[in-house]
Amino acid sequence: MEEGARHRNNTEKKHRSGGESDASSEAGSGGGGVALKKEIGLVSACGIIVGNIIGSGIFVSPKGVLENAGSVGLALIVWIVTGFITVVGALCYAELGVTIPKSGGDYSYVKDIFGGLAGFLRLWIAVLVIYPTNQAVIALTFSNYVLQPLFPTCFPPESGLRLLAAICLLLLTWVNCSSVRWATRVQDIFTAGKLLALALIIIMGIVQICKGEYFWLEPKNAFENFQEPDIGLVALAFLQGSFAYGGWNFLNYVTEELVDPYKNLPRAIFISIPLVTFVYVFANVAYVTAMSPQELLASNAVAVTFGEKLLGVMAWIMPISVALSTFGGVNGSLFTSSRLFFAGAREGHLPSVLAMIHVKRCTPIPALLFTCISTLLMLVTSDMYTLINYVGFINYLFYGVTVAGQIVLRWKKPDIPRPIKINLLFPIIYLLFWAFLLVFSLWSEPVVCGIGLAIMLTGVPVYFLGVYWQHKPKCFSDFIELLTLVSQKMCVVVYPEVERGSGTEEANEDMEEQQQPMYQPTPTKDKDVAGQAQP
């Protein structure tokens, strides 16, 4: 195994020397090398969480939540409870994030606590299902809200939805490949658009309540069931609600780029998630002041229908605002996915080219292109509710595994430094809710959940063949090396690092500090492979 690891190390050195010799003049002779910079402050951290959570879910999932809950009152309870559970899960991730201060989020935590195979399966399902599906759903929602005004009496054609979603993905991939600054500017602008849309919905809801339009908020009407109560369907309602809160853990993916992560990571969580919960609950209250449950379920674009009923000639504001929101959601997802792929490739669990960034733009072009292609493949179907079920089930599966890892780490390593240490009651509460969702999701939608599990398990042979097996045929290693070199030259990318001796001594010391986590994981069988991508 050590001999194989040394061979891969030597291969990587060739890639480094080859790529960097070509790029040395471009990167600059006096700089400290090409690297992802540590410059995300508290405000930007809050923007990442809020911007990634508020994507399409609040504009799409109200329909799915209400349909499965069976009454307005229970649907609102689902939104409130889901927000509370999200806060509990975020607190667990906050402790893990400052105990294991590495980028990659739950992938890094699962790998360090449970070993290489468990971490790889988390990364595998994120690469194949979670990120592409999430981005496909948001892009399809963007298409739906843009095209809905053009088809007032019918649903937009599916071919049109898929084509516009593909254009959205290609455009934002180009922006993210071109410049980190452009990507963050796009995120700022479109986050403001989505907050404006939700503020408008909430204000109109308050106006409706002041006018006495709160029939469906009165207890006797709110809990009037329009279908037979079913605990399995209630579980699916929670799953739909969880999609709307998806993205609460994305800041953990960029921990190494946070300024003072021990303070800013928990602070951003404490600020952002309660804010989002407040906005979500009151947006749903506003919806039922203008629409009956039947009208809401009949709408394929809930926020547009809301605007048509209350805004009159200004109803065009709502679909534009929602389109801005979902467009920014795709951008934020593309931005964070590249960091997850960077962490996986650095650990030797993904092709090494995905850990490279452009020599001038400092953007992870190979990872972004890979994400874009996999998302385009997901656009074969435009049934976003099936896609939401896939994402929700698999996400909750690994959320629970990660939180369980927090308890395991407390037992295995009780004395390691923990800047944040929460009561164990919090992970227990989260795990009980997690088990409830898994059991009844499997019972209610066995085919959907089974397909998700089957996709995840396809990663087992891939792990043993691609990661665990060291002594691969030389022709295969040569082919991978050639493919990596060709990809480097086509994308003009190199491994991010600080070049020793070319920068200041202070910069080198800062880099060393960033690479020394407070928690050192127990070595696993694939540790030699995992370490091969470390500079």
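Heads up, the Cβ atoms here are built off N, Cα and C, so glycines get one too.
Where the annotation comes from TrEMBL, it is an automatic prediction and has not been curated.
Taken verbatim from TrEMBL:
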- 1-30: region 'Disordered' (REGION)
- 1-12: compositional bias 'Basic and acidic residues' (COMPBIAS)
- 40-60: transmembrane segment (TRANSMEM)
- 72-93: transmembrane segment (TRANSMEM)
- 113-131: transmembrane segment (TRANSMEM)
- 163-183: transmembrane segment (TRANSMEM)
- 189-210: transmembrane segment (TRANSMEM)
- 231-248: transmembrane segment (TRANSMEM)
- 268-290: transmembrane segment (TRANSMEM)
- 323-342: transmembrane segment (TRANSMEM)
- 363-381: transmembrane segment (TRANSMEM)
- 387-411: transmembrane segment (TRANSMEM)
- 423-444: transmembrane segment (TRANSMEM)
- 450-469: transmembrane segment (TRANSMEM)
- 502-535: region 'Disordered' (REGION)
- 514-523: compositional bias 'Polar residues' (COMPBIAS)
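For the transmembrane segment (231-248), the partner stretch with the highest count of Cβ pairs under 8 angstroms, out of 40-60, 72-93, 163-183, 189-210, 323-342, is 72-93. If you look at the transmembrane segment (40-60) against the transmembrane segment (363-381), you find fewer than three C-beta pairs under 8 angstroms, all six or more positions apart, and that falls short of contact. When Cβ-Cβ distances under 8 Å to the transmembrane segment (423-444) are tallied for each of 72-93, 113-131, 163-183, 189-210, 450-469, the top count falls to 72-93.
Taking every listed stretch (72-93, 113-131, 189-210, 363-381, 450-469) in turn, the largest tally of C-beta pairs under 8 A with the transmembrane segment (268-290) is reached by 72-93.
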